[in-house]
Amino acid sequence: MKIIFVLYFTILLPLALAQLKVGFYKTSCPRAESIVKAAVQKRFNTDKSITAALLRMHFHDCFVRGCDASILIDSTNKSRSEKESGPNLTVRGYELIDEAKKALEKVCPSKVSCADIITLATRDSVVLAGGPSYDVPTGRRDGRVSNINEVNLPGPSLSVSQAFQSFKDKGLTMDDMVTLLGGHTVGVAHCSFFSGRLTNFQGTGKPDQSMDAGLVTTLKKICGNGSNPTAFLDQGTSFSFDNEYYRQIRAKKGVMKIDQELADDRLSSGIVSRFASNANLFRTRFAQAMVKMGNVQVLVGNAGEIRKNCR
């Protein structure tokens, strides 16, 4: 039985996992990971919000055509790239990827992919924010296509089951989804993404009853100036990568609808409870889920290319 299981698992093991490996650049560019880390450290020293920005970039990249850095490609006169889609208009951190790529090209020309830079930079920023350190398998190659019409990301107003369908389509589980949304512990959202919950929720003339009244008052003050400002998704430890996000959504303090529904929906509430009460469990699972997401539909071997300019 054990032999059969091993064989079965081997057959199902995605090809990408067999070709990506930790230390892929050990020979071709030994300083690759340290160069990326230095670029992230420099930015983090002046902008701690870069962790949330890179987590979002990585997620938005992997969920469209896989983790191939297609989100970095600029539009041309003939085609509009993923960058111009509505969900990506507020993605930022591109210049950090450019900086790391420029440094890598000086030392190891045409060796390190932009897709791997995104993955490594995201990991490094999580560590700097107090999150788990984890080994990142590398060896991704860059895609050649970026099409605005292919961007179809799960939005903040979806139900848990609706959002899960997008994750399931990428080979991720409900546990993975709840874990990855824990990245909101260092995130922000523009008021336009949740203001409908603050006053006339679904035509009731009242705030969303699933939101803590004190939080409603706080968010109304933040969003009252009409310039679409941002609010922290974790109102407690906004720049620390911890499990506070789960504690808050259990206390009805989820800012976006999908955040609160994670704590209320029977499909996800048990996972939320476990993470809220066990910080180490969340750290372990987050590292595992990030590696798993980073393997979604990657290009390896002779597929794609190694871009000299990530844009």
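Even glycines carry a Cβ here, placed using N, Cα and C.
Computed from a predicted structure; not experimentally measured.
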Which residue in the list C29, C62, C191 does TrEMBL annotate as forming a disulfide bond with C108? C29
Minimum Cβ neighbour count within 10 Å among the recorded positions V64, C67, C108: which residue? C108
C114, C223, C310 as disulfide-bonded residues, winner by CB count within 10 A: C114
Pop the Cα-Cα gap between D68 (Ca(2+) 1 binding site) and C114 (disulfide bond) into the table, whole Å please. 8
From binding-site residues V64, G66, S70, the one whose Cα lies nearest C191 (disulfide bond): V64
Measuring Cα to Cα, how far is S70 (Ca(2+) 1 binding site) from C62 (disulfide bond) in Å? 9
Quick one: of D68, E82, P154, which binding-site residues lie within 10 angstroms of C62 (disulfide bond), measuring between C-alpha atoms? Sequence order, please. D68
Residues within 8 Å of the D61, V64, G66, D68, S70, E82 Cβ centre (excluding the Ca(2+) 1 site residues themselves): H60, C62, F63, R65, C67, A69, I71, G143, S146
